[in-house]
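Annotated Zn(2+) binding site per TrEMBL: 241, 308, 309, in sequence order. Positions annotated as domain 'Hcy-binding' by TrEMBL: 9-323.
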């Protein structure tokens, strides 16, 4: 019953948005724009330790840009990752909890301000707790290959995600966002974990793709979606951090493979070299292209649209303008 009520909250938001809600954009990108040094195995999560107020500022910037859903700064925040920095288990769990609290505080402060203004075009945003893939924790680019090695089993993946999931759920987000999942094994681990922990918060699971056709592991999306389609916990499925030129084809593909809502938030089109730790020049979308294509993605069936790496609040503002205009 609780899960149904929370899913209804998301459904109501999507209806208020005219059939497609706006997810925020690149978090680490915006932190770097403000001068944060995040070239670190913890990536954006290092700001939870060094500058939590900056995290809240970035959430506010995306809310002002028109985001209907803000995603927490916990993508690369893991207990093993924090422990490797010398933090205790208690400190690590506190930082995970803080990632949700900062997003909720920003959302509530923003809504308190704009709700007093007549004629505003904003919705009261929902908070999605980000749960990055195992590959994100490894910080070796394996979320873009899907090759975790023979020693990584279903049980190992569940054990890796379990305590982080528990802490994030206890912190009280509206949604859970499993991001850049590269293979069926990890998707299945996430689904089974939600059931085992009796989680009563709706979730989405986003894969990525390096060829616009398959998951990074080489598995078909038909294979990958099989365990997700059977799960009541999974509200939406889709793609994040893939080039935007792949999105149209992938929405068409997913629409044939699932009855779940479809969520897409591509990167700018630049390619991340996980080993060299740098972005490589490639075919990119600017804000104008995102604005132009957002309506097409919605009309093809996407219910949640946003941006990932290298997109900014101006990108989200362009998407929001386009979707709310038509």
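In case you wondered, yes, glycine gets a Cβ from its N, Cα and C as well.
Each of the binding-site residues 241, 308, 309 was scored by the other Cβ atoms within 10 Å of its Cβ; the lowest score goes to 309. Of the chain residues outside the Zn(2+) site list 241, 308, 309, 26, 180, 208, 240, 242, 265, 266, 267, 307, 310, 311 have their Cβ within 8 Å of the site's Cβ mean position.
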